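Visitor: The following feature annotations were taken from TrEMBL:
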type     : residues         : note
ACT_SITE : Y89              : active site, proton donor
ACT_SITE : K171             : active site, proton acceptor
BINDING  : R153, N412, N458 : (S)-malate binding site
BINDING  : E242, D243, D266 : divalent metal cation binding site
COMPBIAS : 9-18             : compositional bias 'Low complexity'
DOMAIN   : 66-257           : domain 'Malic enzyme N-terminal'
DOMAIN   : 267-527          : domain 'Malic enzyme NAD-binding'
REGION   : 1-34             : region 'Disordered'
Amino acid sequence: MAPAFKNTSPISSPIKKPASTGTAQHLKGLAPSAVEDSRTQDARAYEQLKKKGTDLEKYIFLSWLRNTNLDMFYRLVLGHLKEIAPIIYTPTVGQACQEFSHIYPFLAPPNAVDGLYIPLTEVDNIDEIIQNYKRSIPAGCEPDITVITDGSRILGLGDLGMNGMGIPVGKLQLYVAAGGLDPTRCLPIVLDFGTDNPKYLDDPLYLGIRQKRPQDAEFYAATEKVLKGLTNAFPGLFIQFEDFNTPHAFGLLEQWRNQILCFNDDIQGTGSVVLSAFISAIRLAGIPAKDQRILFVGAGSAGVGVAKQLVDYLEIEHKIPEEQAKAMFWFVDSRGMITANRGDTLADHKVYFARQDNGDTQCKSLEETLEYVRPTALIGLSTIHKAFNEKILTRLNEINPTGRPIVFPLSNPMTKAECTFEEAMRFTNNRVLFASGTEFPEYTVPGTDKPVVPVQANNCWVFPPIGLGAVLSKPKCITDTMIFAVSKALANSLNEQERASGELLPRIERIREVSAEVAAAFIHQAVREGLARDEKWIALVNQSGLSSGTNAQPDGVFSQDVLAEVKKSIWAPAQSVPPFVPNKL
């Protein structure tokens, strides 16, 4: 994204009258005579945004603004984050990705370089590609962070090929808006490795290479060339893998997590934010952690990643042995309850949670599995719209007459969500502890006039502070215990009002404040594990008295000195209010 932000046209900064007659800057007659401050210009931009008839039109408008006036764009985002976040990311980014080849020319000026498009046919020329990129950016704007995808599993929409570029672009906007990373040092990348989607192969306007996806051996070899090229050119680059298909998501993370500074948001980020919401839910459920029976619907990379982090939590926080903790989880996929003796060959990532205690019982549907498991918690990552129907939710509520049922429909976008907030409330007699993957409107309980705010377990609560903490402290790698510390810090960040309202995560208006705290906890954990490489942060953590040596148990703590330094590191748009005062342009 970096070079597009260095636009020198008059609209890239507030128009000012020259000090004298205007002849020195040769602007006389080339712009209206009014002299404006940024507030007036921001108000004009917001007015134009509100006039757009559809969310996709708003997305296109905001993309053009980002590529022509960086500071105005982020002032607008930070001033209206709750309203704009669903436009620049989920759910609107899903539609933007589906239409990406059709709207691409209208997202930025013709000369703007908005990331790297790396075709499979050009991976042997990765060094030349990177040099081209370096020449296109100003000195000192080498990337600190990249989000990289091959478009093979975009949200719940499937294989979108090169069109998946909208996801890295959107993700990095949230790294900036929520985490305060420098937008001129962010690099979105799409690996244009083809597509198996005939819709795009047959689309005359499709902008990617027109061939089927490679086999695994070629995929991993090509990806290795790209990653080695990037890390050689930009040592210490933080790499986020995003929206790869499930086998490749696990395969890339397993291959690279101990070699380079990398992270998979679908596996680790989703797991982290759901764990944080789950920690809060356990505190309110009235059912002890050891007695929870957790049923997952959907067994892809995100579902298994979430469940493994919940297992770690039960082990670390509640001292439940691993095998006993693992036995608290059941999974349902397209063939029913996952068991070791189901008769099919399970994908590698499903084997860990396959039941071996079911005897001859095989459940073919969610409804059958619900009766067999009698769960306390229902977590959906299936992308099956309305999978949690009235019958399922009503029965879950009946199964848990004394404790509050936990329902997390986490699939994105809204058209893939397992249920809505209103449905979860109505069909559980308003007792549900709820967190979703997409945004839902408030719900007013019948007979009251007080709206209940639904919790969105959006990854934007965790990946921005992880990225910020990683860019600052430069750990050798990112460990599961660092991710756990992030979850704990997020769960502990709720203020008194949020706790009193029974909310599971903080309110979005506080996201920059919370991100700073969570990043501070990440840095503490990185130093405590002996993996941080930046001497400044090592010294600060060691001076705090909260460092207890290598492999210290993650507890999400941080010192005020470290937090203060993190806040100083957070980027804010020019001529803006301080970054911790949201909704005031």
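Glycine is treated like the rest: Cβ placed from N, Cα and C.
Please go over these features one by one and say how buried each is and what sits next to it.
Guide: Listed in sequence order, the residues of the same chain lying 6 or more apart from Y89 (active site, proton donor) and placing their CB within less than 8 Å of its CB are G170, K171, Q173, L174, C460.
K171 (active site, proton acceptor) counts 27 other C-beta atoms within 10 Å of its own C-beta, drawing on all protein chains shown.
Spatially close to D266 (divalent metal cation binding site) yet at least six residues away along the chain are F241, E242, D243, F244, A249, S301, A302, G305, judged by Cβ distances under 8 angstroms.
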Visitor: Report the residues of the chain - excluding E242, D243, D266 - with C-beta within 8 Å of the mean position of the site's C-beta atoms, for the recorded divalent metal cation site, in sequence order.
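Guide: Other same-chain residues with Cβ inside the cutoff are T149, R153, I154, I167, F241, F244, A249, N264, D265.
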Visitor: Taking the Cβ of R153 ((S)-malate binding site) as the centre, count every other Cβ atom within 10 Å, in any protein chain shown.
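Guide: For R153 ((S)-malate binding site), the count of other Cβ atoms within 10 Å is 24.
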Visitor: Limited to the domain 'Malic enzyme N-terminal' (66-257), I'd like the whole-number average of pLDDT.
Guide: 95
